[in-house]
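Contents: one structure, followed by commentary.
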Amino acid sequence: MSFSRSAADAADTLPDLAATLGAPAERAFVTLGDAFHTRLPAAPLAAPYVVGFSDDVAQLLDLPPSIAAQPGFAELFAGNPTRDWPAHAMPYASVYSGHQFGVWAGQLGDGRALTIGELPGTDGRRYELQLKGGGRTPYSRMGDGRAVLRSSIREFLCSEAMHHLGIPTTRALTVIGSDQPVVREEIETAAVVTRVSESFVRFGHFEHFFSNDRPDLLRQLADHVIDRFYPACRDADDPYLALLEAATLRTADLVAQWQAVGFCHGVMNTDNMSILGVTIDYGPFGFVDAFDANHICNHSDTSGRYAYRMQPRIAHWNCYCLAQALLPLIGLQHGIADDDARAERAVDDAQAVLAKFPERFGPALERAMRAKLGLELEREGDAELANKLLETMHASHADFTLTFRRLAQISKHDASRDAPVRDLFIDREAFDAWANLYRARLSEETRDDAARAVAMNRANPKYVLRNHLAEVAIRRAKEKDFSEVERLAQILRRPFDEQPEHEAYAALPPDWAGSLEVSCSS
């Protein structure tokens, strides 16, 4: 269905939007059957109101930007449609399992997320819409099924910020707030964020059917993912091994991009890993400020399992979990009669695929770091040069984002221009030593300083969603002032542009930012 962009038509759209979202032919995941999900209505928020709205996502879904101002919009995306959910359009929560902090957690599932259907995108793809905070489900365990305003604003802002950084991610259409109280570490208010993605299938979905010894359902799920998202795998000698390889390589690429911008996910459990290799489940995430390779963004991660430097290793480990779940399917087409022989070959084939993770991740990160350093030519010592910079940053706790952004000001021939970036380092002699190595490397490049600076500023964002910026927006939103949410969203749409009128948003964090803590208690 295509939506016009007039305000009048936007108003006409809303009464039928729930039915449109839930049209059976448009909900491929639902057609897999009851073993994969539970249908139930959302538990609507009381007196909902719009906190944030993404024009970009609306445009992607061919929705008029004016739709957010229409009566009924907040109600629909708070889980309360303008009329009862049609039987065929009832939202659903999916079931999955997974490893949490490295320990098998058993059955999990969408404990507070309800998928309300699909819409066609203007890019030719189809997108699922999911209400995070839509109420209790059979998979809520001890939870209340709610999300709170602070975490919903953070996810809304970061989903869109990551997209504009060029990093694969789920998107966010809107945040709906309410004065409805929710008990966490303190009394907060409830909210719902509407997530948008081609699919919300996770590694944990495969683990669930593997752990329950349901190879038939495991194969059904894998076929769905292959046919809809990885059609090239169908033509491979072993489609399920090809699926594992595709997901593994996408995951390696994704984490390389995280590392390159200093992004920490915070909760890289297998149930928080997308089979499409996109960033999903924004919880206690954070962008590194003062660089520490051991930075832990999640206050609940007392062991540092998901620290910045650990993310590549954990992503690789998670791919092993996915491989284990897919083992019953790998090699089926080879016609090996002996089950033990087939299983042994499946393990060997899976291990060969998993060995490709570091082979993919290393070069991907090297390419990203070479771009961040403004190096066009590939030289053997480039990775060592980048690592030496990170070590020097780590020792001085130099700001990650500002360091890389200001490197563009370094001149091949004039060390006096180093001051803006040099001043970020406590040990300036150590920086000088690195800068001399860098200048020597730049002498091998053909671009002049100006051309290199332009290229570097396209690789090094000036603006990222620092925790203190999100915190200011959240505090104002709690007072019903949503202007800072909108302002931040607009700034983060153009992370690589100078935007001199917003210079304060690119500054070093204030002292009070060091006391901010984010955890899993959203």
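Cβ coordinates are placed from backbone N, Cα and C, and glycine is handled just like the others.
Computed from a predicted structure; not experimentally measured.
Taken verbatim from Swiss-Prot:
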{"type": "BINDING", "residues": "GLY109, GLY111, ARG112, LYS132, ASP144, GLY145, ARG195, ARG202, ASP281", "note": "ATP binding site"}
{"type": "ACT_SITE", "residues": "ASP271", "note": "active site, proton acceptor"}
{"type": "BINDING", "residues": "ASN272, ASP281", "note": "Mg(2+) binding site"}
Handout entry: Rounded Cα-Cα span from ASN272 (Mg(2+) binding site) to GLY109 (ATP binding site), Å
Key = 11
Practice task
Taking only the Cα atoms, work out how far ASN272 (Mg(2+) binding site) lies from ARG195 (ATP binding site), in Å, as a whole number.
Solution key: 14
Fill in the blank from the handout: Of all C-alpha pairs drawn from the ATP-binding set GLY109, GLY111, ARG112, LYS132, ASP144, GLY145, ARG195, ARG202, ASP281, the farthest apart lie at a distance in Å of 22
Exercise for the section: Measuring Cα to Cα, tell me the gap between ASP281 (ATP binding site) and ASP271 (active site, proton acceptor) in whole angstrom. Expected result: 9
Exercise for the section: For ARG112 (ATP binding site), write down the residues of its own chain that are at least 6 apart in sequence and whose Cβ falls under 8 Å from its Cβ; none is a fine answer. Expected result: LYS132, GLY133, GLY134, GLY135, ARG136, THR137, SER140, GLY143, ASP144, GLY145, ARG146, ALA147
Exercise for the section: Give me the non-local Cβ neighbours of the residue listed as 'active site, proton acceptor': same chain, 6+ apart in sequence, Cβ-Cβ under 8 Å, ordered along the sequence. Expected result: TYR96, SER97, GLY98, HIS99, GLN100, ALA105, LEU108, ARG202, PHE203, GLY204, GLU207
Fill in the blank from the handout: Least crowded of the binding-site residues ASP144, ASP281, counting other Cβ atoms within 10 Å of each Cβ, is ASP144
Completion exercise
CB neighbours within 10 A of ARG195 (ATP binding site), counting all protein chains shown, number 25
Handout entry: Three-state secondary structure, which DSSP defines for ASP271 (active site, proton acceptor)
Key = helix
